[in-house]
Amino acid sequence: MRVMRARNAGFCMGVALALHKLDEAVAAAPGRVATLGAIIHNPQVLAEYAAKGVRVLHSADEAEPDMTVVVRAHGIPRKDEARLSAIGAAVVDATCPRVKKAQISIAEATANGAELWLYGDAEHPEVRGLLSYASGPKRVFATGAEAARLRDALSPDGRAVLAAQTTQDRPMFDALRKDLVAAMDNRLIVLDTICDATRRRQQETLILADQVDALVVVGGRASGNTRRLADIAAGRGVPALLVETGDELEPAFFSSVSVVGLTAGASTPKSIIDAVEQRLLDF
């Protein structure tokens with residue numbers, strides 16, 4: 001069986017930068033470092049940092065004055081930023097620069113009270129953070145039907161700002177944007193917030209799916225961008241398997257596969273991708 005590995009698999013710039021900042025914090029204050037939420041969505045990486053004494057806080061209220069708190073790559077809501085400062089914790093902002101740019105863009109575009117329409121997963125931590133930067137009403141939607149309802153509910157003289165979670169599906173967002181712009185014209189401001197790294201991975205997955213008999217996607221199941229890569233392949237009619245490690249691979253799945261594609265989410269370490277590739281080659 002031949003393995004075709006995507007070039008853009010594994011850590012993106014934002015994840016690498018966040019982990020670098022966490023490493024620096026651990027070196028400077030061993031045993032007194034925590035993250036507010038998971039720094040990234042990869043259980044193996046989180047286990048490594050837990051072994052180094054890094055705590056994961058589930059609320060800003062859990063922070064302590066002499067603690068270093070590293071803000072997760074997905075960013076956090078503004079109220080949590082304020083709470084950490086009020087407690088007196090030393091805050092290290094490891095928000096992905098692309099997410100930070102989206103936060104600032106949303107704040108600027110909604111400063112006049114325009115309604116925010118955010119395409120994304122309402123339960124994702126990045127989305128909760130992005131919503132906190134909107135000055136006016138805010139809505140999260142995930143389908144074209146939901147977007148149409150938002151459009152129809154807007155007052156005739158109302159204005160809206162359209163943005164997306166940075167790891168959302170680009171073609172889907174573009175289709176939604178096209179329909180909304182056609183219906184609303186200058187009453188809609190569109191922000192380009194989907195990350196380039198996400199776009200490259202999605203485009204490469206589309207190309208790869210047309211060249212293989214099956215696709216393996218490596219990454220944490222809680223990672224939205226990882227799940228979307230598997231969804232893209234499945235949408236092309238290619239059997240897609242999402243695994244966190246090579247131990248989850250079963251030879252029977254590949255019994256009729258001649259060429260298998262291999263890609264990974266933006267929070268997946270190279271070492272795990274390498275191990276999965278080697279296991280595939282051993283089948």
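The backbone N, Cα and C atoms fix where each Cβ goes, and this holds for glycine too.
It should be emphasised that the depicted structure is a prediction, and the values quoted were computed from it without experimental measurement.
When Cβ atoms from all protein chains are considered, those within 10 Å of Cys195 ([4Fe-4S] cluster binding site) total 25, not counting its own. Marked as [4Fe-4S] cluster binding site by TrEMBL: Cys12, Cys96, Cys195.
According to DSSP, Asn225 ((2E)-4-hydroxy-3-methylbut-2-enyl diphosphate binding site) is assigned to a helical segment. Just so you know, the Cβ of Asn225 ((2E)-4-hydroxy-3-methylbut-2-enyl diphosphate binding site) picks up 25 other Cβ atoms within 10 Å once every protein chain is counted. Marked as (2E)-4-hydroxy-3-methylbut-2-enyl diphosphate binding site by TrEMBL: His41, His74, His124, Thr166, Ser223, Asn225, Ser267.
As annotated by TrEMBL, isopentenyl diphosphate binding site applies to His41, His74, His124, Ser223, Asn225, Ser267.
If you look up TrEMBL, you'll see His41, His74, His124, Ser223, Asn225, Ser267 marked as dimethylallyl diphosphate binding site. DSSP assigns His74 ((2E)-4-hydroxy-3-methylbut-2-enyl diphosphate binding site) to coil in the three-state reduction, placing it in neither a helix nor a strand.
Residues or ranges marked as active site, proton donor in TrEMBL: Glu126. The 10 Å shell around the Cβ of Glu126 (active site, proton donor) contains 24 further Cβ atoms across the protein chains shown.
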Which of these recorded positions is closest to Ser267 ((2E)-4-hydroxy-3-methylbut-2-enyl diphosphate binding site) if you go by CA atoms: Cys12, Cys96, Glu126, Cys195?
Cys12
Can you give me the same-chain residues 6 or more apart in sequence from His41 ((2E)-4-hydroxy-3-methylbut-2-enyl diphosphate binding site) with a CB-CB distance under 8 Å?
Gly219, Gly220, Ala222, Ser223, Gly224, Thr226, Gly265, Ser267
Which site among His74, His124 has the most other CB atoms no more than 10 Å from its CB, taking these as binding-site residues?
His74
Count of other CB atoms lying within 10 Å of the CB belonging to Cys12 ([4Fe-4S] cluster binding site):
26
Please identify which of Ser223, Ser267 has the densest Cβ environment, defined as other Cβ atoms within 10 Å, among these binding-site residues.
Ser267
